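Asker: According to Swiss-Prot:
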type	residues	note
TRANSMEM	26-46	transmembrane segment
TRANSMEM	54-74	transmembrane segment
TRANSMEM	98-118	transmembrane segment
TRANSMEM	134-154	transmembrane segment
TRANSMEM	162-182	transmembrane segment
TRANSMEM	194-214	transmembrane segment
TRANSMEM	245-265	transmembrane segment
TRANSMEM	282-302	transmembrane segment
TRANSMEM	315-335	transmembrane segment
TRANSMEM	355-375	transmembrane segment
TRANSMEM	397-417	transmembrane segment
TRANSMEM	418-438	transmembrane segment
Amino acid sequence: MKDEQLYYFEKSSVFKGMMHFSVPMMIGSLLSVIYGILNIYFIGFLGDSHMISAISLTLPIFAVLMGLGNLFGIGGGTYISRLLGAKDYVKTKFVSSFSIYGGLILGVIVILMTIFATEQIAHLLGARGETLGFTSAYLKVMFLSAPFVILFFILEQFARSIGAPIISMIGMLASVVLNIILDTILIFGFDLNVVGAALGTAISNVVASLFFIIYFLRKSDIITMSLSYVRPTKEILVEIFKVGFPAFLMSILMGVTGLVLNLFLAGYGNFAIASYGISFRLVQFPELIIMGLCEGVVPLIAYNFMSDKARMKNIIKVVIMTIVVIFAVCMVIVFTTGHQLIGIFSNDAAIVGMATFMLKVTMTSLLLNGIGFLFTGMLQATGQGRGATIMAILQGVVIIPVLFVMNGLFGLTGIVWSLLIAETICALAAMLIVYLLRDRLTVDKAELLEG
């Protein structure tokens, strides 16, 4: 392991180390949000709402592919970070090689299971009429690219786990920029509409994966793709999946949650869906900054969990303070200029009014959301698979009964407030789980929670 990487893991100031690992993740997350908006923006130029709906309906499938990548990426990545903290540089090769080829095999399985059933899957996602054909076409390209989508998530996580977050950011940046360029060429130049958008995403993932592969082959003696190291032991399997499975489950349940929420909103018409769509995109900016912050420090927490628990506690304190500052700034902006922000996306008075209300409520949940991200990250980083699994289930499931109750009592307003209620429950549960497991994390965890 290079001295520069060890410096940020062990010797730099807590804030400097946190920024080194988290800023690339935050930038990469924001680029993904921007890309998502631009993707819809480009398709919107074609003037066909069915195409826009098709892309939106495929989001749960993307969540599944991301979850499969996280299974080995987060599971293997956090284990690699813990092995580096324990100075076990040989076992990292076995973990990385097994994770990479395991992810590729999962991708091939996805292709075999789905490629001849895209229309049926599109129908299950809610596609009807003209939207069905566009959704099926988009899904076909998405499924064919599954091995590289999964591989991209694995390799990006591995770059961060070995202390190379800048490389992770470059890979994500290259993917997003190439995606935007290809969208423009394929959608408009070749008139491929949604298929062009899907191909742009697929090709960009292939290129980004190749970038990571070349980097690891040339620069890393920790991550390997050699088949000779694909020898999973019981210990390796347990350590990868006890952290990776909760991350996988979280992605799956987030996709299910989004699908259920859309079904509830659909009962109030397009105005409700459009209003939530706008507010959701705006909330995503600070939310993904915080998510990037929390995900970025996972390797730092994992490393110091093995070597310096006092430093780990300080890292967690600094992250919490940073989340509070981000939350405060966002609340001031939303409550002073929220109406104007929504107006950028729509001039419909009803949509602007409802979206502004949704924005204020959902932004209020940002602090609790951030705490949930951090404590779940702590559980992942320290190998507490059972606690992380419970959190993953709660974050995906709690919202559903809350939606039923609040919708029945208060209608659309209740649906909006259900988001804040669910985040409150999950944040409290996360703090309780970490408190109960405090002896397995660090003896100072109780003091941290009380403080």
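Cβ atoms are placed via backbone N, Cα and C, with glycine included.
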Asker: Top stretch among 98-118, 194-214, 245-265, 355-375, 397-417 for CB pairs under 8 A with the transmembrane segment (282-302)?
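Answerer: Counting Cβ pairs under 8 Å, the winner is 355-375.
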Asker: Using a Cβ distance cut-off of under 8 Å, indicate which of 54-74, 245-265, 355-375 has the most pairs with the transmembrane segment (315-335).
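Answerer: Answer is 355-375, with the largest number of Cβ pairs below 8 Å.
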Asker: Which stretch from 54-74, 134-154, 194-214, 397-417 shares the most C-beta pairs under 8 Å with the transmembrane segment (245-265)?
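Answerer: Stretch with the highest Cβ contact count: 54-74.
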Asker: I need to check the long-range neighbours of the transmembrane segment (355-375): which residues 6 or more away from its ends have a CB within less than 8 Å of a CB in the stretch?
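Answerer: Same-chain residues near the transmembrane segment (355-375) but 6 or more away: 274-276, 278-280, 282-283, 286-287, 290-291, 293-295, 316, 319-320, 323-324, 326-327, 330-331, 334-335, 338-339, 341-342, 345-346, 391, 395, 416-417, 419-420, 423-424, 426-427, 430-431, 433-434.
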